[in-house]
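S.K.: Take a look at the following structure, please.
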Amino acid sequence: MSHWENPLVMPWDSRLERVAGPAGLVLFGLTGDLSKRKILPAIYDLAHRGLLPPSFTLIGVARPKKGIDDFTKMAEEAIRAGANTGIDERVLAQLMSGFRQVIGDYTSEETFAKLSEELARAETERGTGGNYAFYLAIPPKLFPHVLKELKAAGLDRHEDSGWRRVMIEKPFGHDLASSKELNDVVLDVFEPSEIFRIDHYLGKETVQNILALRFANELYEPLWNNAHIDHVEITMAEDIGVAGRGGYYDGVGAARDVIQNHLLQLLALTAMEEPTAFTPQALRMEKEKVLSATHFIGSVEESSVFAQYDAGWQGGDYVTSFRGEEGIADDSRTDTFAAFRLGINNRRWAGVPFYLRAGKRLGRRVTEIALTFRTPPFQFFSNEAMANVNANTLVIRIQPEEGVTFKFGSKVPGTQTMLRDVTMDFGYGHAFTEYTPEAYERLILDVLMGEEPLFPQQTELELSWALVDQATNYWEHTDREIPQYAPGSWGPQEAHDMLALDGRVWRRP
Ligand SMILES: NC(=O)c1ccc[n+]([C@@H]2O[C@H](COP(=O)([O-])OP(=O)(O)OC[C@H]3O[C@@H](n4cnc5c(N)ncnc54)[C@H](OP(=O)(O)O)[C@@H]3O)[C@@H](O)[C@H]2O)c1
């Protein structure tokens, strides 16, 4: 039963007026992991929520596969397996009627000639208006080939009014130099306003809520500075290992894979000044300012830790070490854990460390931003009364159990004056009945509508790469051994030692 028949099945979407106009999406990498798990289900969920136009056309580009001459079934299976909003057969049939496929290698001109015919056909048969977004969900080494061929086939432009946009998946390069090179290649084909770099963290409701929390309320912003905040921790922990993706991960590592993009974007949103408007230009300006003021405290040697998970017991299973994983060299120096100790050179944040850590095979899967406040300048209660009270902490929980928690001291009921930490909790699941869209739904819709605020710009990426490059260069060339940490722990001793320099300890999320 669909939400049209029973509104309780799916709560009304208050963004319903944000419906994409006539358009098509050309998906390179149709058969890939990301397309199957995220992109195809997100497209269906958008259609199911009535946010795609009836003319919407999905053109999947796939290289020939033995025994498959029709990828329709594969696309449909991926949708059935991954859709969040339940399968409505009529919506699915309608969406699949607009599915087209182009089979061919991405390095071959012929593939793009076929694609060109398919786009022209969809324009007349389906009424796409010549509006197409090209989604490059493919290995980065193929980006230049695909972009070059799109240009050579004249697909980057439409002679009439139709728009062309390109969506690029991370990683945007391997370091600062390659990021600039990639950007030159993309800019040779598309205008800056036509380029949408996907950092799916920015599509998450909880990440967008950082701006709402800070700038739509009066309570937080006056305290959001070094007069009241002691330090900030940003954690992105996974409890799994490289799980069959060792080939991709080796040579990349945690700092490049998630700190360069997701964690530094979270830092920018947490620390930036209030933008003058919710426009791409104003947001970009503030993020760039704060990222350009961000630096390792002291030296990169004392303020960064790279490490790898060792073999050991984790939750009842004996797991292999990173170096023991299939496809990983015995002497690999790739970081499965990285921690940074950063400072921000501006009036608001001088003296407040921002501790970032990301890793695999840690204690649990969690992403959060924790702001720990200073202790009161004068303590009115006795030390005994305060024995179970720590500094106030505001935790923005990005995933799972999305929400915000505020921890503060409160009197324990009874005849004695004793205090204890308690929490005030906001959880998305409890507070809202509205459906929470997946990040990819929001981002694909925004691309089809040409709305840029949630997409990072090249300068932000370059500033982030410049920072991450300092750590990767140091750890790739130092004689120091890469520290090892026990699976299921919160990282190596060196990461704890780094915080001990400031007399602090990491939170246990
Ligand atoms: N997977 C994730 O969770 C994730 C998350 C964030 C970002 N990303 C990024 O998204 C992109 C895709 O990742 P993925 O995990 O989906 O990769 P993947 O599973 O390896 O899929 C890559 C896709 O590219 C196709 N392909 C590779 N070489 C080709 C060639 N020469 N000609 C035509 N097609 C070719 C593959 O086709 P075949 O099936 O025929 O090999 C497949 O459809 C990457 O840039 C990745 O970094 C992925």
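Cβ coordinates come from backbone N, Cα and C, glycine included.
Where the annotation comes from TrEMBL, it is an automatic prediction and has not been curated.
Heads up, here are the entries from TrEMBL:
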- 26-209: domain 'Glucose-6-phosphate dehydrogenase NAD-binding' (DOMAIN)
- ARG63, LYS170: NADP(+) binding site (BINDING)
- HIS200, LYS204, GLU238, ASP257, LYS360: substrate binding site (BINDING)
- 211-507: domain 'Glucose-6-phosphate dehydrogenase C-terminal' (DOMAIN)
- HIS262: active site, proton acceptor (ACT_SITE)
S.K.: Just jot down the residues in the same chain as ASP257 (substrate binding site), at least 6 apart in sequence, with C-beta under 8 A of its C-beta; none if empty.
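M.R.: For ASP257 (substrate binding site), the qualifying residues are PRO171, TYR249, ALA358.
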S.K.: If one looks at the chain holding LYS360 (substrate binding site), which residues at least 6 apart in sequence have a CB under 8 angstroms from its CB?
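M.R.: Long-range Cβ contacts: GLU238, ILE240, GLY241, VAL242, ALA254, TYR309, PHE322, THR336, PHE337.
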S.K.: Quick one: give me the count of other CB atoms within 10 A of the CB of GLU238 (substrate binding site).
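M.R.: 19, counting other Cβ atoms within 10 Å of GLU238 (substrate binding site).
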S.K.: Could you find out if DSSP has ASP257 (substrate binding site) as helix, strand or coil?
M.R.: helix
S.K.: Compile a sequence-ordered list of residues in the same chain as HIS262 (active site, proton acceptor), six or more apart from it, whose Cβ lies below 8 A from its Cβ; state 'none' when nothing qualifies.
M.R.: ASP199, TYR201, MET236, ALA358, THR367
S.K.: Cβ under 6 Å from an atom of ligand 1: which of these binding-site residues qualify? The list is LYS204, GLU238, LYS360.
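M.R.: What lies within reach of ligand 1, judged by Cβ under 6 Å, is none of the binding-site residues.
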S.K.: Which whole number of Å gives the largest C-alpha distance between any two of HIS200, LYS204, GLU238, ASP257, LYS360, the residues noted as binding substrate?
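M.R.: The substrate-binding residues span at most 21 Å between Cα atoms.
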S.K.: Just to be sure I understand the packing, how many Cβ atoms besides its own are within 10 Å of the Cβ of ARG63 (NADP(+) binding site)?
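M.R.: Here the count is 15.
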S.K.: Give me the Cα-Cα distance between LYS204 (substrate binding site) and ARG63 (NADP(+) binding site), rounded to a whole Å.
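M.R.: Taking the Cα atoms only, LYS204 (substrate binding site) lies 31 Å from ARG63 (NADP(+) binding site).
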S.K.: With every protein chain in view, how many other Cβ atoms are within 10 Å of the Cβ of LYS204 (substrate binding site)?
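M.R.: If we count other Cβ atoms within 10 Å of LYS204 (substrate binding site), we arrive at 23.
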S.K.: Quick one: pull the CA-CA distance for HIS200 (substrate binding site) versus LYS170 (NADP(+) binding site), whole Å only.
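M.R.: LYS170 (NADP(+) binding site) has its Cα 9 Å from the Cα of HIS200 (substrate binding site).
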S.K.: Which residues of the same chain, at least 6 positions away in sequence, have a Cβ lying under 8 Å from the Cβ of LYS170 (NADP(+) binding site)?
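M.R.: Sequence-distant Cβ neighbours: ARG197, ILE198, ASP199, ASN261.
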